[in-house]
Amino acid sequence: MSLPEQVPLGPAKMIRAGGHSSSSGLHIESCPPESPRQSPRDDYKEIDPMDAMSGKLDEKGDDERGWLEENIRLPQSSHSWIFTARLCSLPFWTAVGIVVISYTGLLLSFSNLLTEGEPGKLLGVPCQVNPSVRIAQYLAMIIALIMEEEIPQALFLLRHISKKSLLTEFPGFRFWRFILSAFIRLVMGYMFLINTFCVVAQADTVLGTLQFLQQLDDITFQLAKMDVLGARLKHAALAKCFTRQFSKVPFALRKNKGKILKALYVLNLCVMLTGMAYITHEQVSGRFHPRSVSIAFGDQIWREAIVDNSTGTIKRNLIFSYFNGVYKRTDGFSKDGRPVYIEQNKFTGAPYKDTIPGEIRYCSSEEAWVFVHPNISKIENRSKFPEEVECPWLIKSQRTEEYSLLDVTGEWTIWTGSVKRDNLFSVVDNECFGAVDCNFNGKCRSDGSCICDGGFFGTHCEHAPACPLITSGVGGTWATVNPKASGSANPPSHILEELSKLGRPSNGFEVRIYERPMYQYRHGLNETTLQKYGVNNTADRVLLMYTGSRWFGTHFKGGKLENRTASYWRSYTTEFHGLDFFSVGLKGEQYGPFGQLFPMSDPKGSGFFSCGNHSMPNSEHLNL
């Protein structure tokens, strides 16, 4: 813009405000009076430095602050055609089309962002991020707010162009369409900020597409000016209204609106940073990690494992599958920014009270997820080895920076006296979000666990009701252990209370371990077979139990189970741990860790047990 020679070149020459380019639409220039009688002192007033430092300039009008009143030009954007073009014209409908495309793109982007990640995760945000990413997230929020131009442009136009000013210059315009155009900009700006917030929170995509959608109207207008989109759009882009300067609303009338604009900027920043702070808090507290997982360690065995107990250090066989089962996240406690999962009781699914459980956590020294147990060591006197004190792993993943245990892939390393590789480690999220996660055999509770109906069982109600009576290949009959809540002296009521936490009916339920029923031998085996295994049918009880990966038959000697004391049952049902669960005869180096094993099914794989009478009345269940 050229200035008349009479106008001095000084602070009043030209002003561009807002920090945006002319192509963005927010283009403001000074319009000095062209009176030859005007002198420098008439259009420029020296600013008192004390006023500038004290902020008193905000209380003064433009003339008092030392520069000329600014005039405004309409934004060179297709959004302006909403009110500058005739309703039935091509420019108007082009502007409408650009709005539809922009809104649709932003809505589809937001919809896609909401579907990112696993169900139940807020906005699909990652479970955790490293500190450098977190710093970048907060900086990105501030940068996005500065980069966003539709909101300030809409508010600037509404603040400075009055109905009188607009209609004075162009009586044919409709002011309500001018308001509509500004509102379209405002909504688009907030849609951009919402999408930006989701993208930054998820921290795995870029902002390029969103920024392009927000600038689509400006790009369209510039293409129209270059005659790329046809003569009619070119004429609309070169209309006089885009070169005409509109006088601003007097300072006294727009003063409060300026405060609103500043307050809105601060509010937008506070809302975005508060939202990001909430997500950060949830990530740090571990709320985005699974609350409960089921772990299976495979079938590895460590012979002569080093185990500490109350009497000292002993060596015994460690079967890792004994540690299979449910592990729950410890709220409020994390290790290296990751959650710690604690082994749960095999009978009730509740935490152990006295027994020390195993843990799955992350070790920064190994850069891996590991399984550890405070009482089990790879070597004796591990205090001599700092790495064993810091991370006495028994099983560990490959090196990884994954924050979620569910995202860990690859082979795991297992210690069995030496390092071995094992692909059989698996982890499953136990949390449910609807009936389908409970296989439609139960209901999903608010805590993310399934409560099963009709005798179904399992963490996801995946197992059909157990056969109450099974028969073996040699004629033995076994019945489920099913204590009743009434009319039964043993086991004591506190055991029933512990087991009732699993949500089973109060009139009787099967005792389960590792989410499998427990069976007890009833009759059918000949005395020779029983004597072969040292079983006294009148004094002992023979049980069939699942121990993490195998079913084992074991017997209790020296008295019937119903003669056990209340303290015995309390310990057995609330403190059971597979490590000391069973014993078998004929053990020795030549037989392996399980002892002498004989195939009991012929042919192999045909199965040894089969379901007996499904219609057996409830009274035929074995009542301890």
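Numbers here mean position along the shown chain, with the first residue as 1.
Any Cβ shown, glycine's included, is placed from N, Cα and C.
Taken from TrEMBL, the feature region 'Disordered' applies to 1-62.
The compositional bias 'Basic and acidic residues' annotation in TrEMBL covers 39-48.
Packing against the transmembrane segment (90-115) from elsewhere in the chain are residues 78-82, 84, 123-124, 184, 187-188, 191-192, 194-195, 198-199, 202, 209-210, 213-214, 216-217, 220, 224, 229-230, 232-233, 236-237: each is 6 or more residues past its ends and has a CB under 8 Å from a CB in it. TrEMBL lists 90-115 (among others) with the feature transmembrane segment.
Residues or ranges marked as transmembrane segment in TrEMBL: 135-158 (among others).
Residues or ranges marked as transmembrane segment in TrEMBL: 178-203 (among others). Away from its own ends, the transmembrane segment (178-203) comes close to residues 79-80, 82-83, 99, 102-103, 106-107, 109-110, 113-114, 116-117, 123-126, 129, 133, 136-137, 140-141, 144-145, 148-151, 153-155, 157-158, 161, 166, 210, 213-214, 268, 272, 275-276, 279 of its chain (Cβ-Cβ under 8 Å, at least six residues beyond either end).
Cβ atoms under 8 Å from those of the transmembrane segment (260-279) belong to residues 122-123, 125, 137-138, 141-142, 144-145, 151-152, 155-156, 159, 193, 197, 200-201 of the same chain, restricted to positions at least 6 beyond its ends. Annotation source TrEMBL lists transmembrane segment at 260-279 (among others).
DSSP assignment over the domain 'EGF-like' (428-462) gives 4 helix, 9 strand, 22 coil. Here TrEMBL flags 428-462 as domain 'EGF-like'.
Non-local contacts of C461 (disulfide bond) by the CB criterion (under 8 A, 6+ apart in sequence, same chain) comprise C438, N439, N441, G442, C450, C452, D453. The disulfide bond annotation in TrEMBL covers C452-C461.
The average per-residue pLDDT of the prediction over the domain 'EGF-like' (428-462) is 87, rounded to a whole number.
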